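Worksheet: the structure to be examined is printed underneath.
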Amino acid sequence: MVLSSKDKAIIKAAFGKIGGHAADYGAEALERMFLGFPTTKTYFPHFDLSHGSAQVQAHGKKVGDALTKAADHLDDLPSALSALSDLHAHKLRVDPVNFKLLSHCLLVTVAAHHPGDFTPAVHASLDKFLANVSTVLTSKYR
Amino acid sequence: MVNLSGDEKNAVHGLWSKVKVDEVGGEALGRLLVVYPWTRRFFESFGDLSTADAVMNNPKVKAHGSKVLNSFGDGLSHLDNLKGTYAKLSELHCDKLHVDPENFRLLGNVLVVVLARHFGKEFTPDLQAAYQKVVAGVANALAHRYH
């Protein structure tokens, strides 16, 4: 499901509004995911997953930064995300179903913080963006 | 059956009492049709669904969204027997409407996003988790009589 030029414009504008909050939103989305979909915790047995955990905060920043970078390279996601794609395929091996769960929680987080800007069109473009990122991150799995 | 604690049930009902069911229903169904356009296959008689604006302003979408969400609200009053509550609707969706149950999961998650948009911080991670259990329970109950 290809990103149109309209999608790309919407995604760039959305990340402009999200700005420096990407790290916080990443952490909040992870917390929402761990609580809403407890099976996702199986990938983090080594983490303190309690509310406010520094590890979750740090990991959320990694997620937020990666998505911000991706939003800046919409014309070549595979290249921009190549290292992360290798990591997920060979080391992390997170089952593909989980990318949808984190993507959903990211949308919930953005909707909660930007109710007025999160129009149906923005919702659609961000959902497509996250689906594209997920596809790239699982593209080398087999 | 949905596995909610007493506190979770209270939180779910507490939020639901503040939901403008007609408005939220129309918005949730509208967003489903915009974000996942293939879902329009079930609504060819609804008229103009060609753009996001057309969908969100379509009176049939609003009316149907309201109907769907009122039914969801009924489920909230029967969390201990969702399968019984939705038995007839499940048969209808299978035998007459031919709706793939995956669509119930999609709509459930769109509803969660809409609740987050309306309630912001109040829609805490814990409250979202309770609602995820409810929407999963409703989706499963609606799929239960499929054959």
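Yeah, the Cβs are placed from backbone N, Cα and C, and that goes for glycine too.
Remember, it's a predicted structure, so these values are computed and weren't measured experimentally.
Sequence annotations record features per position, and here Swiss-Prot assigns heme b binding site to B:His64, B:His93. The feature domain 'Globin' is assigned by Swiss-Prot to B:3-147. What Swiss-Prot records for B:Val2 is N-acetylvaline, and it gives similarity to another entry as the kind of evidence. Taken from Swiss-Prot, the feature phosphoserine covers B:Ser45, and the record attributes it to similarity to another entry. Summarising the annotation, Swiss-Prot assigns N6-acetyllysine to B:Lys60, B:Lys83 and lists similarity to another entry as the type of evidence. The S-nitrosocysteine annotation in Swiss-Prot covers B:Cys94.
Taking the features listed in Swiss-Prot, we show where each one sits on the structure.
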residue: B:Val2; record: N-acetylvaline; DSSP (3 states): coil
residue: B:Ser45; record: phosphoserine; DSSP (3 states): helix
residue: B:Lys60; record: N6-acetyllysine; DSSP (3 states): helix
residue: B:Lys83; record: N6-acetyllysine; DSSP (3 states): helix
residue: B:His93; record: heme b binding site; DSSP (3 states): helix
Original post:
Of all the recorded positions given, namely B:Val2, B:Ser45, B:Lys60, B:His64, which is spatially nearest to B:Lys83 (N6-acetyllysine) at the Cα level?
Top reply: B:Val2
Original post:
Taking Cα atoms as reference points, which of the modified residues B:Val2, B:Ser45, B:Cys94 is nearest to B:His64 (heme b binding site)?
Top reply: B:Ser45
Subject >> Local Cβ density at B:His93 (heme b binding site) - other Cβ atoms counted within 10 Å >> reply: 21
**OP:** May I ask for the distance between B:Val2 (N-acetylvaline) and B:His93 (heme b binding site), taken between their Cα atoms and rounded to an integer number of Å?
**Re:** 21
Subject >> Rounded to the nearest Å - Cα separation of B:Cys94 (S-nitrosocysteine) and B:Ser45 (phosphoserine) >> reply: 19
Subject >> Taken over the domain 'Globin' (B:3-147), the model's mean pLDDT >> reply: 97
